[in-house]
Amino acid sequence: MNAVNAVIGTDLWGRVFSFQDYGELLGLLWPSLGAGAVLGVVGGVIGVVVMARDMGFAVHGISELSFAGASAALLLGFDVVTGSVVGSILAALVLGLLGSGARERNAITGVLMPFGLGLGILFLSLYEGRSANKFGLLTGQIVAVDGDKVVTMVAGAIVVLTGLAIIWRPLMFSSTDPWVAVARGVPQRTLSVVFVVLLGLAVAMAIQIVGALLVLSLLITPAAAALHLTSRPGKAVLLSVVFAVVSVVGGIMLALAGSLPVSPYVTTLSFAIWLVARAVGGRRERRGSGGGRVSGGRGAGSTAPGAVSAGLSQAASG
Amino acid sequence: MRPSKAAGTVSGSAAAQSQQQVPAVQLHNAGVDFGDRTLWNGLDLDVRPGEFIAVLGPNGSGKTTLLKVLLGMQRLTSGTAQIAGKPVGHGSPDVGVIPQQRPLPEGTPLRARDLVAQGIDGRRWGPRWLDPQRRQTQERVDALLEKVGASDYAERPVWMLSGGEQQRLRAAQALATDPALLLCDEPLLSLDVAHQEDITNLIASQAKQENTAVLFVTHEINPVLPHVDRVLYLAGGRFRIGTPEEVITTESLSDLFGRPVDVVRVGDRVAILGGEDHVHHDHDHGHSHGEAAR
């Protein structure tokens with residue numbers, strides 16, 4: 001019994017991690033690593049905005065439509081990257097033009113997402129080529145990344161990062177307090193459409209490596225981990241980028257050593273980073289520790305009869 | 001110190017010189033209709049620089065719409081509106097806004113100083129580290145934080161701060177460009193009484209110092225009453241303008257509402273009974289905010 005278990009154990013272990021001919025593989029798959037690093041930078045940066053604008057669900061919705069676009073391209077024999085970009089941008093435009101409030105946006109996402117996934121599955125069922133291609137779109141693949149694709153990825157990254165850099169300040173302003181930003185002359189409507197298109201591009205890029213189902217592991221998890229550790233905007237972006245790059249590049253390097261898709265490695269790494277960040281961040285000062293400062297200092301001298309009870313209720317809630 | 005004003009038009013300097021004489025707000029025969037429903041009309045209002053005006057009235061009387069008109073987010077159906085002698089535009093540095101307190105979600109990537117900085121350079125393109133004026137921005141932020149008494153928590157994440165502390169920062173953000181006019185949209189909502197007085201004192205004293213006119217939309221009359229120069233009371237398509245003593249009386253408000261309304265004074269506090277005050281204001285406001293963001 002034990003012997004059987006041991007055999008299955010080593011076999012499983014061998015499938016998850018195998019470092020035979022590792023150096024040679026690494027040499028062959030440098031385009032994947034390059035593409036992964038680029039993707040990490042893009043995902044890390046845009047993730048911070050996605051968190052600030054509370055758009056995680058929208059990211060998921062866009063990725064399903066991007067998947068539909070990619071599988072349509074696969075079926076029709078077009079370029080898969082182009083297909084996923086088209087799907088992404090279409091979804092992004094629908095969200096950007098129709099969903100102005102968070103509520104509307106969530107409703108539209110909820111409607112679009114299953115439709116996109118359904119379309120994608122339809123196209124894949126009709127496709128009669130290699131099944132690895134099909135699966136790869138959902139769960140990620142590394143072998144498909146060649147030199148051409150790296151060039152495409154770098155070009156996409158330059159567009160997304162430049163675009164984000166240009167709109168960064170007004171975008172963050174309108175994320176904090178939309179009305180105040182509009183009052184100050186921030187073109188909120190245009191900004192949110194431009195942002196969602198950039199987001200669509202980033203999603204389409206991410207799908208090439210981690211697949212449609214796991215895009216969030218690159219566009220949300222690293223940023224969420226970073227925001228547990230800091231509230232400084234610049235530092236948050238930096239940490240988020242580091243976490244995302246470590247997750248993708250590390251994930252790809254581990255995946256080379258096994259025969260499984262790349263995504264479990266990437267998602268596990270980014271999840272582990274998030275867990276650590278959360279644990280470390282949890283030990284920082286939590287909300288409420290300094291919350292009573294104003295009422296404590298000034299409320300005490302106030303003549304209002306409500307001041308005492310207000311101070312008390314604040315102390316109780318803090 | 002005032003980067004956004006320096007970027008004004010050619011005639012900007014001439015306008016700034018005569019700003020002392022020019023009213024901060026000039027509404028002339030102004031009116032807004034929504035289809036066949038008249039929100040208000042025939043509104044004539046000159047607000048002097050430094051004047052503090054409370055805008056009161058029941059829900060749906062068009063208080064927030066008035067602010068939107070002054071922000072260029074709502075067109076007047078009739079009449080004209082000017083701010084500091086210029087027609088109302090889209091997003092002018094002459095107008096600052098303090099919104100109602102809305103809790104910022106945990107994890108928002110902003111420190112207190114970043115929120116204030118948005119009031120100075122939030123509409124500029126490009127990241128801050130490429131901005132040649134970033135040093136001036138930092139200095140201005142420090143000065144503003146000092147002004148509103150928020151220097152102690154300048155480096156703290158905004159979402160960790162109390163509602164009162166956040167409103168101080170929003171006040172600093174709104175004052176960042178030395179606006180001629182400060183629009184306050186229920187800034188006291190969801191604050192406790194001590195903080196309500198605190199924030200009102202802060203806004204009023206800053207406005208007096210800088211000669212900034214204030215339009216203060218609120219359901220909470222008592223915290224603002226000590227600072228108010230005039231009251232604009234909107235109800236049922238009509239309005240009253242005058243000092244609190246003139247407007248907030250049983251006779252004047254009963255006439256305005258067209259039904260009996262009682263004004264009760266207890267000590268130096270005022271309660272308006274039958275004026276639909278202190279009722280339902282939460283969702284009224286949530287709703288109008290949704291519209292504003294569109």
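Cβ atoms are placed via backbone N, Cα and C, with glycine included.
Caution: TrEMBL annotation is automatic and unverified by curators.
According to TrEMBL, the feature region 'Disordered' maps to B:1-22 (among others).
Residues belonging to the domain 'ABC transporter' (B:25-261) score a mean pLDDT of 91 in the model. Marked as domain 'ABC transporter' by TrEMBL: B:25-261.
Taken from TrEMBL, the feature region 'Disordered' applies to B:83-108 (among others). With a threshold of 8 Å between CB atoms, the same-chain residues lying at least 6 positions outside the region 'Disordered' (B:83-108) that come near it are 4-5, 15, 18-19, 22-26, 67, 69-72, 119, 123, 157-159, 163, 166-167, 170-171, 173-177, 179-191, 203, 212, 285, 289.
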## Note on the structure
Its residues classified by DSSP, the region 'Disordered' (B:83-108) shows 0 helix, 7 strand, 19 coil
